[in-house]
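Have a look at the structure below, then the notes.
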Amino acid sequence: MTARPLVIAVDGPAAAGKGTLAKALAAKLGLPYLDTGLLYRAVARRMVNAGLDPAGDASVEAQALQQQDLARSDLRVPEIDRGASLVAAQPAVRAALLDRQRVFASETGAVVDGRDIGTVVFPDADVKFFITASPRTRALRRHRQVAGETPLEGSALDAAVSEIVARDARDSSRETAPLVQAADAVLIETDGLSAAEVLDKAGEIVALHHTRR
Ligand code: CDP
């Protein structure tokens, strides 16, 4: 009998290091990686480019989403950070994107990163992680990702922290699929940990799961 393909859920708030961990874990395990945030970002981008407010009904754009929308280079900009969390609060948008996420992992398994992967998209995932860090650490990490080593301090740091806290609040307080740690998810607090240390911790937990399968 062949074991069913391994599905690993990686959830958590903005810029906590989910993507870094999920990508590295996928490479280590030879599994495909799915960044579900890109789906919401691409829907927000379609809204903005059509001259529409992402807070308005985005269901038509979600249904019309094409593979090439995900390959755009302008999805990780502040306007789309905010727009993604506005379209993601809409139940019709989430419903339109659900099957796409499930189909991706159904045949081969996958490491999937997002906000509701362990709670809604794959409630039966083999291993679930909830990755987090303080808002300050996360603001600094996101800044480093987009601006390299240019310093972030004073009022600019305060503004970046506020933006992250506002997005977390929107993601956690929405009615449909809010950002919440699944009861059976393993929490990893990543303040003070390097990407390699987080990967080691997560790898140990996946290995433990394998010995139990
Ligand atoms: O990379 P970062 O953590 O900043 O964000 P992301 O994972 O690309 O997600 C962007 C936005 O999409 C989030 O703020 C959520 O509002 C939404 N999202 C969601 O609602 N559900 C998911 N599974 C993934 C993302």
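Cβ atoms are placed via backbone N, Cα and C, with glycine included.
TrEMBL does not curate its annotations; it predicts them automatically.
If you check TrEMBL, you get these features:
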type    : residues                                    : note
DOMAIN  : 8-205                                       : domain 'Cytidylate kinase'
BINDING : G12, P13, A14, A15, A16, G17, K18, G19, T20 : ATP binding site
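Taking the features listed in TrEMBL, we show where each one sits on the structure.
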residue: G12; record: ATP binding site; Cβ contacts under 8 Å, 6 or more apart: K18, R115, F129, F130, I131, T132, L179
residue: A14; record: ATP binding site; Cβ contacts under 8 Å, 6 or more apart: D81, R138, R142, I164, R167, D168, D171
residue: A16; record: ATP binding site; Cβ contacts under 8 Å, 6 or more apart: I131, T132, A133, R138, T190
residue: T20; record: ATP binding site; Cβ contacts under 8 Å, 6 or more apart: A195, V198
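Cβ contacts within 10 Å of K18 (ATP binding site), excluding its own Cβ and spanning all protein chains shown: 27. What surrounds the ATP site, by Cβ distance within 8 Å of the Cβ centroid and not counting G12, P13, A14, A15, A16, G17, K18, G19, T20, is the set L21, D113, I131, T132, A133, R138, R141 from the same chain.
The DSSP secondary structure for T20 (ATP binding site) is helix. Per-residue pLDDT, averaged over the domain 'Cytidylate kinase' (8-205), rounds to 95.
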